[in-house]
Amino acid sequence: MNWDDTTDATPDTERLVGSVADREDQAVEAALRPKDLGEFIGQEKVREQLDLVLRAARARGATADHVLLSGAPGLGKTTLSMIIAAEMGAPIRITSGPAIQHAGDLAAILSSLQEGEVLFLDEIHRMSRPAEEMLYMAMEDYRVDVIVGKGPGATAIPLELPPFTLVGATTRAGLLPPPLRDRFGFTAHMEFYEPAELERVIHRSANLLDVEIDAQGAAEIAGRSRGTPRIANRLLRRVRDYAQVKADGHITRDIAGVALGVYEVDGRGLDRLDRAVLEALIKLFGGGPVGLSTLAVAVGEERETVEEVAEPFLVREGLLARTPRGRVATPAAWAHLGLTPPQQIRGTSGQQDLFRT
Ligand SMILES: Nc1ncnc2c1ncn2[C@@H]1O[C@H](COP(=O)(O)OP(=O)(O)OP(=O)(O)O)[C@@H](O)[C@H]1O
């Protein structure tokens, strides 16, 4: 397997509850990845459909159709691509959109693939335009035109490729141009995981890491993992450290709760930044509406950090609403901070007025 490492350090990678892989995640994740579809937890529909696609291809002795996986970071797209290769008995090559800036970069990868190989292209929406156009032909006809020379003297040399399976992954399927989207035979959207599924992920990982954990301990970590297996595994490792240093190594509900309190991850998975945003919104601006820039200044962060790092989870959790007049804390946000919202936010008519979009 080849791995082009293109992971950028973003504000998200510095957070314990960030969903993008940090260096430590990259080092340990290989050991924790499920190896086949049977081991892969949750995503029932995706698993069932993919199982059919792969079985049918195997029965025909053919290369599997191209697969597009969409969903937030850390939900298992890389893991599934490796499972696809394993189920097809094929090798896998891993790269990403930002690593392919020139069509020539892509031609070099495609021309070195073996027959039936799986090419995993992470962040496929971030590929350059010329590379994307080369990919259309490669996906459809297993052929690329390599341009030799420059200007009027340039010539296109056709190059046959062996049949391969492209597995594209994206956090934003809507950003893919339709001609690219249409060339995938199977598209799957990965959802956030239910707490019960994350508990299974945690028990499985604890087993592999040789960590003792009881059912309540796993439930406590699952409830703070923001629907994301990567975060569940990371929180498990931090709780394990605490249990080893401060107790007998066994993880219970109390140990998990206290350990994650030390790391400022609260019962619902919010961290210091998330709570700072809600607190500023409520305590300084009476719950809003307030403009994003003002809110960012109030918490001492960049506008982009508040918008891209903190807000998506707060919106998903129903704690913050984006309205045309600005950001608004919902009644659930007041309750989460142990505060009582004023009457006009609690009352249905006032609430409807605030949240009208
Ligand atoms: N369904 C699952 N069952 C068990 N573990 C899982 C599952 N999905 C993901 N994981 C675990 O979560 C970690 C992150 O998964 P993975 O790297 O596949 O996510 P990803 O969606 O590819 O993220 P990114 O978009 O950042 O590349 C892996 O170590 C894997 O062990």
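The backbone N, Cα and C atoms fix where each Cβ goes, and this holds for glycine too.
Record features (TrEMBL):
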- 13-193: region 'Large ATPase domain (RuvB-L)' (REGION)
- Leu32, Arg33, Gly74, Lys77, Thr78, Thr79, Glu140, Asp141, Tyr142, Arg183, Tyr193, Arg230: ATP binding site (BINDING)
- Thr78: Mg(2+) binding site (BINDING)
- 194-264: region 'Small ATPAse domain (RuvB-S)' (REGION)
- 267-357: region 'Head domain (RuvB-H)' (REGION)
- Arg303, Arg322, Arg327: DNA binding site (BINDING)
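Recorded features from TrEMBL, shown on the structure.
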residue	record	DSSP class
Leu32	ATP binding site	helix
Gly74	ATP binding site	coil
Glu140	ATP binding site	helix
Tyr193	ATP binding site	coil
Arg303	DNA binding site	helix
Arg322	DNA binding site	strand
Arg327	DNA binding site	strand
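The sparsest Cβ neighbourhood within 10 Å, among the listed binding-site residues (Tyr142, Tyr193), is found at Tyr142. Rounded to the nearest whole angstrom, the C-alpha distance between Gly74 (ATP binding site) and Arg322 (DNA binding site) is 25. Calculated from their C-alpha atoms, the gap between Arg322 (DNA binding site) and Leu32 (ATP binding site) amounts to 37 Å. Counting only same-chain residues six or more apart in sequence, the Cβ atoms lying under 8 angstroms from the Cβ of Thr78 (ATP binding site) belong to Arg33, Ile94, Phe120, Asp122, Ala169.
Cα separation, Arg303 (DNA binding site) to Tyr142 (ATP binding site), rounded: 44 Å. Take the mean position of the Cβ atoms of Arg303, Arg322, Arg327, the recorded DNA site; other residues of that chain with a Cβ within 8 Å of it are Gly291, Leu292, Leu295, Val306, Glu307, Glu311, Gly326. Counting other CB atoms no more than 10 Å from each candidate's CB, the binding-site residues Arg303, Arg322, Arg327 peak at Arg327. Note: the Cα of Tyr142 (ATP binding site) and the Cα of Arg327 (DNA binding site) are spaced 49 Å from each other.
Under 6 Å, Cβ to nearest atom of ligand 1: this is the test, and of the binding-site residues Leu32, Glu140, Arg303 it is passed by Leu32. Looking at Tyr193 (ATP binding site) and Arg327 (DNA binding site), their Cα atoms lie 27 Å from each other. Here the CA atom of Arg327 (DNA binding site) lies 39 Å from the CA atom of Leu32 (ATP binding site). Separating the Cα atoms of Glu140 (ATP binding site) and Arg327 (DNA binding site) is a whole-number distance of 45 Å.
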